[in-house]
């Protein structure tokens, strides 16, 4: 297949003129490290006539550069882009979608003799019959036909795009927003609007509110502070559609948002928000629901969307937080078509106003997954809770529950605790765990037991880990005073010690090897990993003594058990999720209850 570059496309893209699928060659690509930890890639492109270095790869396309799919000399079709004018007048073409037609190793080199594009000094495409691009060899059995971009005229003005009521800038999709744009307007529906939150500290007082916006291309979170709260809070209505322009865009903090967008918006003094009456084609919501059964395999603290039937709802309770603030909470058991049940904790006004009668359908956008008591969910300040939503997933779930789901008890993923925090419905002896083949199913099982530490292996119990806050990857000593983390792709002058213990625990009937990670390992040893690392390096005898003192101590263990396969050999792996000292009063109460049950048989 012969490919010709789209001569004149560089000039048109620079001027913001619409170009339909131009064929370009990557002349150079350079990684730019961002101050917030997110790297960007700057690309120089050629159309055979001109080159331009002000192409930027959108962050979602970074893997193409990191995996060398997009590399120097490869030939690409630019499927979607946006040209932004920076404050200093420079133009940047942000690549939103691109496809590699010929990889770099399939190309002999640069096509033609392009020169850097300078506005106002363009040279016209050659009218000579000689081709301006070297013919590319057919691949994958193609018929040798020429690949050309769709019919286009690079000098024409772009087609008219929808404008805002003020006519200041065209409406763009949310998915195309990025910090390099200076003029843009989106038309989006408000799917969630928070209450006003206030704060007071040494730097003064303040307030904020946030909202989640959606259009047909994607979603984004917007936050307003202080003056913008006064200006916009009363105007914004959940469910309504608005034209929004001139917000500040920055990298999104994924710790507090589950929205599928690399950026988030901050309202500022120049922001304009205008109601939109023509809103029928703007979607109501974007959710990516995860089955309750699949929550077993998700990482702790993941923010996700879930939908289920309210199988049971506890009464609302009032609790005191660490900062002496009283809040409302309500625990709800959700079941879905997987037959699994999980506990959802709702907070604040959601907990107070929820009515669980009639087993309503609950859809939660942005719930946090926890491993407290097995697996459980909790709503956040930013979560959206929908009761009996008008969406296909809700109707399908209602039909299933009314027909057959109501008769299921369901297998709970959450350990249900009784009054006082000491009760637990999944107490097992170690012999029962083996006799009942816990962990042999498709999903892991959780159980609690009271057991005594018999032995802890101290060999290889400590490792040098990345010092970054959210990374625990093992580092490699570079032998030059620096330590390299492959995950973060950085070198550090220091590291942190992490624990991974292998211990043998026993009760009156059996014993079991278990694995303990950082927090539970520190509980068992009674020392933190940093101190243990110092002892290991400076005082081996004191280090050994810590392990000796840990033996024959008894704890309440909460464990995860799963049959895992290594090199075609299957074995049970038990991981300690939590370890606490025994509350002998609660333990005695439970033993008395069990004795009475046995006596009544």
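Using N, Cα and C of the backbone, Cβ positions are placed for all residues, glycine too.
Look at Swiss-Prot and you will find 184-268 tagged as DNA-binding region.
The compositional bias 'Low complexity' annotation in Swiss-Prot covers 124-135.
The compositional bias 'Polar residues' annotation in Swiss-Prot covers 137-153.
Other C-beta atoms found within 10 angstroms of the C-beta of residue 370 (phosphoserine) number 17, with every protein chain shown included. Annotation note: residue 370 (phosphoserine) sits in a strand segment as assigned by DSSP. Feature annotation from Swiss-Prot assigns phosphoserine to 370; the stated evidence is experimental evidence.
The region 'Disordered' annotation in Swiss-Prot covers 107-172.
Per Swiss-Prot, zinc finger is recorded for 466-488. The zinc finger (466-488): residue composition by secondary structure is 0 helix, 6 strand, 17 coil, according to DSSP.
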